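Everything below concerns the one structure shown next.
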Amino acid sequence: SPPVCGNKILEQGEDCDCGSPANCQDRCCNAATCKLTPGSQCNYGECCDQCRFKKAGTVCRIARGDWNDDYCTGKSSDCPWNH
């Protein structure tokens with residue numbers, strides 16, 4: 001079935017889905033189009049801060065055991081596994 005903008009479920013073709021325009025609390029997401037607002041790079045993720053990717057080298061996951069710290073790439077909102 002085609003994606004439904006406004007159902008709070010991120011579906012194919014949508015950048016974001018924060019619900020209806022009346023209920024959306026996400027300034028990074030255009031609730032009417034389910035696309036990021038102008039100037040926004042992201043709306044969630046360990047490497048997203050105020051609609052922008054965190055700088056490359058920002059720690060996003062602290063080392064545990066034999067694993068090293070994980071760092072943001074500056075190009076994605078996801079925190080990659082760097083070990």
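Quick reminder: no glycine exception, Cβ is built from N, Cα and C everywhere.
The disulfide bond annotation in Swiss-Prot covers Cys5-Cys24 (among others). Around the Cβ of Cys24 (disulfide bond), the number of neighbouring Cβ atoms within 10 Å comes to 18.
The disulfide bond annotation in Swiss-Prot covers Cys5-Cys34 (among others). Cys34 (disulfide bond) has a Cβ environment of 21 other Cβ atoms inside 10 Å.
Swiss-Prot lists Cys16-Cys34 (among others) with the feature disulfide bond. Packing around Cys16 (disulfide bond) is summarised by its Cβ count: 22 other Cβ atoms lie within 10 angstroms of its Cβ, all protein chains included. When secondary structure is read from DSSP and collapsed to three states, Cys16 (disulfide bond) falls in the coil class.
Summarising the annotation, Swiss-Prot assigns disulfide bond to Cys16-Cys29 (among others).
Per Swiss-Prot, disulfide bond is recorded for Cys18-Cys24 (among others).
Around Cys29 (disulfide bond), a 10 Å sphere centred on its CB holds 24 further CB atoms from the protein chains shown. Residues or ranges marked as disulfide bond in Swiss-Prot: Cys18-Cys29 (among others).
Cβ neighbours of Cys28 (disulfide bond) (same chain, under 8 Å, six or more residues apart in sequence): Cys16, Leu36, Thr37, Ser40, Cys42, Asn43, Cys51. In three-state terms derived from DSSP, Cys28 (disulfide bond) belongs to neither a helical nor a strand segment and is classed as coil. Positions annotated as disulfide bond by Swiss-Prot, on the basis of experimental evidence: Cys28-Cys51 (among others).
Look at Cys42 (disulfide bond): DSSP puts it in coil. For Cys42-Cys48 (among others), the entry in Swiss-Prot reads disulfide bond.
Note on Cys72 (disulfide bond): other Cβ atoms within 10 Å of its Cβ, all shown chains, come to 24. Annotation note: Cys72 (disulfide bond) sits in a coil segment as assigned by DSSP. Feature annotation from Swiss-Prot assigns disulfide bond to Cys47-Cys72 (among others).
If you look up Swiss-Prot, you'll see Cys60-Cys79 (among others) marked as disulfide bond. Its Cβ taken as reference, Cys60 (disulfide bond) is surrounded by 19 other Cβ atoms within 10 Å in the chains shown.
Among the features that Swiss-Prot reports, domain 'Disintegrin' is placed at 2-83.
Recorded residues Cys34 (disulfide bond) and Cys72 (disulfide bond) have their alpha carbons 25 Å apart, per Cα-Cα distance.
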